Amino acid sequence: MTGGICILYVDGDADRRTSTASALDDADQRFTVTTEPRTTDALDRLREDPDSIDCLVSEYDLPETDGLTFLERIRDYRSKLPFVVFTGDGSERLASAAFGAGATDYLSREFDDAYDRLSTRIADAVAEFREARTQERDRRLFRRAIEASGHSVYFTERDGTIQYVNSAFEEATGYTAAEARGQTPQILKSGVHDRAFYEDLWDTILDGDVWRNEIVNKRRSGERYVVDQTIAPVKNGCGEVEWFVAVNADITERKEHKEELERSRERLRALLENSPDAIVVHAPDGTVVDLNRQTVDDLGYDREQLLTMNVADFEVEKDVEELRSMWQGMETGERVEIEGRHRRADGSTYPVEVWITKVELEGATRFIAFSRDATERHEYEQELQRQIDRLEQFATVVSHDLRNPLNVASGRLDLLDQRVDSEHLDVATDALDRMAELIEDLLILAREGGQATDREPIDLGAMIDQCWQMIATADASLEVDIEREIAADRPRLKQLLENLVRNAIEHGGDSVTVRIGELDDGFYVADDGPGIPPEERDHVFETGYSSDEDGTGLGLNIVRQIAEAHGWDVRVVESDHGGARFEFLGVETATVASGEAV
């Protein structure tokens, strides 16, 4: 034993106090001896600093009381403090009474080597006291550690009888400590595992080895849960197994998460393999980490080859730095659409449409790229462009070949009108005018196909006012109740508004009022004319529809085509004044400063 030993010696006799203190100081250099004549002084010292004394030595015959009564009072403050009765009034009766009262030792000073004996017994008593205190501290620390571990812990005897459980066990199982003690772990048996499973467990721990495995237990409520269980044997000094300690980490959520992750993997794999598109999963640097069968079919490489490649190895239109810059700028969940060109294993290339999404897969950043062979679309677009070119050529020829004879006929009628007064001339003139309108509408239909891609910010109010000035409106009036600027193709929007104004005047009369107003998602053009019957509203945009026998039946069809070219929805309803109201929805608002749709 190392470390100093502080001894308090209590004796009413001053000479004995001095001689005993001196003898103990000489007997062991570790001893520091303090003396007190009265028990009250000794008790005061202990109250002030209970841990300052390692051993108390007392004479039995004391001025105020006797040593055994003093011992009883000491035990109220320090129940385990070594207490040695060292007296000259020795007897077996007194010794028995001292030990019965809880004295650590009893020694008569009548022996010749009494001080040597006293020194040895003090040292032994303090050593045992300190060892017991250390063990108790370790037990407290161990218990606190078990309670703070967060895992369910229980101790069993060799036969499996539970002797101790911690609070985590109570929380996990639903059994209180009192209910669990005296039971066996069979109270947790779920019925999931077979007999061989438990036989392996017991064979392992009875052989003195540690057993660890996942086990499905059952709570008191009947609910099953999964734990990662470790059972370790505790052996005695002879190496024989006496106890078992079981530590259980609840991994139910982890198992459920793992199973869900596995299901997600299976769903992803099913998506990959059943998709008609080529799908590549790649890392932020472009390294291919997964792919589907369609990718193999499209590119002509083996799967193993592709898993060693980078996206840049088969994407020929965009270099790797351009691709990485795009990937780095993407947010998780964001989807980007690009067009590219892929190179097959045989060296041939083909156009592709690619949709890329940034995701988090199993804690890693990944990009999922869906690629679709765009060869057929490109061929279709090229054929469509050829048809558009031919149609444009046809429109040019028609415009020239039909307008010239019409102009000649119109001129001749003007000359004839100056010489002849006949009602037949007016009819002929109206027919030529109608033919001119019909040709104009046909040319618009021929030339206005496709999407309206050349868009700019346009003030709707100003635009319809310009259209109004270009049309013979007689006594008709225009009301503008809109301040919105929209993103639109200027010539085509002008054609749309002119057609609507003409339609309103033709059907509403010379005094009709035309109003343009704002909607939450677009705008409307309305009039106070006779309106359109509900049963005809679904047909007004069809080619050839007209309620006027002199109409071409193309004006509103052109309106619909221009709206669709912008991606707008158009519908006709009754206006507030009983006329027709054409509503355009899905219209993009534009900012004048940037010229961009918002």
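Keep in mind that glycine also has a Cβ here, set from the backbone N, Cα and C atoms.
These figures come from a predicted structure and were not determined experimentally.
As annotated by TrEMBL, coiled coil applies to 247-274. Taken from TrEMBL, the feature domain 'Response regulatory' covers 6-124. Sequence annotations record features per position, and here TrEMBL assigns domain 'PAS' to 138-184, 264-334. Per TrEMBL, the feature domain 'PAC' maps to 211-263, 336-386. Residues or ranges marked as domain 'Histidine kinase' by TrEMBL: 397-584.
Sequence-remote contacts of a segment are chain residues at least 6 beyond its ends whose Cβ falls under 8 Å from one of its Cβ atoms, and for the coiled coil (247-274) they are 149, 151-153, 169, 172, 214, 217, 225-232, 290-293, 362. Residue counts of the domain 'PAS' (264-334) by helix, strand and coil are 34 helix, 12 strand, 25 coil (DSSP-based). Across the domain 'PAC' (211-263), DSSP assigns 12 helix, 30 strand, 11 coil.
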